[in-house]
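Copied over from Swiss-Prot, here are the features:
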BINDING   GLY15, SER16, MET17, PHE18, SER19, GLY20, LYS21, SER22, ASP88, GLU89, VAL90, GLN91  ATP binding site
ACT_SITE  GLU89  active site, proton acceptor
BINDING   CYS145, CYS148, CYS183, HIS186  Zn(2+) binding site
REGION    182-205  region 'Disordered'
COMPBIAS  195-205  compositional bias 'Polar residues'
Amino acid sequence: MYIMKQSGWLEVICGSMFSGKSEELIRRVRRATFAKQEVKVFKPTIDNRYSDEAVVSHNGNSLIAIPVSSPKEIFEHISEKTDVIAIDEVQFFSDDIIDVVQTLADRGYRVIVAGLDQDFRGEPFGPVPTLMAIAESVTKLQAVCTVCGSPASRTQRLINGVPASYYDPVILVGASESYEPRCRHHHEVPDKPTKNGQTNNHLAR
């Protein structure tokens, strides 16, 4: 059933890990609930770092969330009473999430999504770049580089304390023990190919 409201839009919150994306999502959701709006919060089932059924920020704040394995499952949980739809860790969804949020916004819902805009390689992550392009509002947050204290826009993956290879799997859900924020200069990706076909291992840091 197509439920039409008067106006709808898409908000994207993005940035590196530890930049406060989930915290900002939680803040916006709580403001909406204070205004007596009905909010439905969703997360991918793959994200179970802190809880299977909650959005949890790195500082411990949380919201009850509905875990879904497919973007289209979101339609099963909303109704004409729903005002706001919030989706955390959106980078873990398939590209189907793009059509889903477009449809929801077109139907008049306020849609808020949060996720990583770059993977651990420093490359665009899943559907997030497209969501940024079609959104009415984009908030890009930065963390603090753990090496030098500069603004950090990248996520460093560490395996046993060593930077992960470019050829490691892109999706590996972790928390502080496996990731940390880095600036452009201190972000390390061993084996990353350069334009001339070589790896970047020989580059001076």
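Cβ coordinates are placed from backbone N, Cα and C, and glycine is handled just like the others.
Features as recorded by Swiss-Prot, highlighted on the structure.
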residue	record	Cβ neighbours (10 Å)
GLY15	ATP binding site	24
MET17	ATP binding site	23
SER19	ATP binding site	24
LYS21	ATP binding site	28
ASP88	ATP binding site	26
GLU89	active site, proton acceptor	22
VAL90	ATP binding site	28
CYS145	Zn(2+) binding site	22
CYS183	Zn(2+) binding site	21
HIS186	Zn(2+) binding site	17
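Cβ-based neighbour count (10 Å, all protein chains) for CYS148 (Zn(2+) binding site) stands at 11. The Cβ centroid of CYS145, CYS148, CYS183, HIS186 marks the Zn(2+) site; residues of that chain outside this set whose Cβ lies within 8 Å of it are THR146, VAL147, GLY149, SER150, ALA152, ARG182, ARG184, HIS185, HIS187, given in sequence order. When the alpha carbons of VAL90 (ATP binding site) and CYS145 (Zn(2+) binding site) are compared, the span between them is 23 angstrom. DSSP assigns CYS183 (Zn(2+) binding site) to coil in the three-state reduction, outside any helix or strand.
Here the CA atom of ASP88 (ATP binding site) lies 23 Å from the CA atom of CYS183 (Zn(2+) binding site).
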